[in-house]
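Visitor: First the structure, then my questions, so here it is.
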Amino acid sequence: MSDDPSTNDALGTLRAAIKQAVTDVRGQTPLAQSFTNFVTINLVANAQLAAGGTAAMSYLPDDVIATAEIAGSNYINVGTLLPFFKNALPEIARKLHENGKTWVLDPVAAGIGETRTAILESFRDVPPTIVRGNASEIIALDAMWGLADADSTTPATRPAGVEAVDEVDAAVDAAKRLARHLAKRSPVGAGAVAVSGAVDLVTDGERTFRLPGGSAMMTKITGAGCSLGGVTATYLAVAEPLVAALAASLLYDRASEIAEVKSDGPGSFQVALLDALWNVTADQVAASDIIETN
């Protein structure tokens, strides 16, 4: 924490914006459309509803593009792929970009497989507004897009499926570079990157925040990160990217802590998590620990 009054004032303003985002989602029930993986689609939709939003799930390019016209934001997750996705996802990303639509990307298992790599590489010039992933995915995406200077690239350990094998601290520089790249091409003139881990990180490329808290039980259910991406899109429908990424991450930290106390294992934890997403207050989210770092 900083003793600089200007820093404290800025953090206070940010907390107020986070509280407003949580309040607005529950008051406006914004639609966030998801093109997400088959394994976690149910949890993604239910989490968006529990957070206060509205969900729509689709895979056909013309359907996604049409729904994007009425959606507040969109979410693309590359966790499970079919052959036609190799052409469909780049087309969807290009149309979202051309139409000035905001969207969240979860680059699940970035660096594994030629098809996934080709899809993620195609997003470089028509990028999302927010990227949310684990440290290994963020480092891999930064490398794919060639954003680092040759002498400053932090090599990623080979991804272990959808699980991170890199620590969040190793992804700080990559996250900042990605966020600045997103901002340059964003329809709202800003972008953000959220890195999930033991202590989450969120950055817009200029300001960087660490978010202590959350529950290790999140790693014991499938779809925790995927559903967080969906809820991030829900918040992006009502807030600017940095606030949306922070609000969603903090909501999940608080909800997962509550769910862990109320559950006996992974099955009951998932149910308790949805209940907690519904019940956590805007004040609780905004009052969470937020540490601004360099």
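Every residue gets a Cβ built from N, Cα and C, even glycine.
Feature table excerpt (Swiss-Prot):
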| type | residues | note |
| --- | --- | --- |
| BINDING | M57, G223 | substrate binding site |
| BINDING | R132, S196 | ATP binding site |
Visitor: What same-chain residues, at least 6 away in sequence, bring their CB to under 8 Å of the CB of R132 (ATP binding site)?
Guide: V104, L105, D106, V193, A194, S196, G225, L228, G229, T232, A245, A248
Visitor: Here are some binding-site residues: M57, S196, G223. Which one has the most Cβ atoms within 10 Å of its Cβ?
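Guide: Max Cβ neighbours within 10 Å, all protein chains included: S196.
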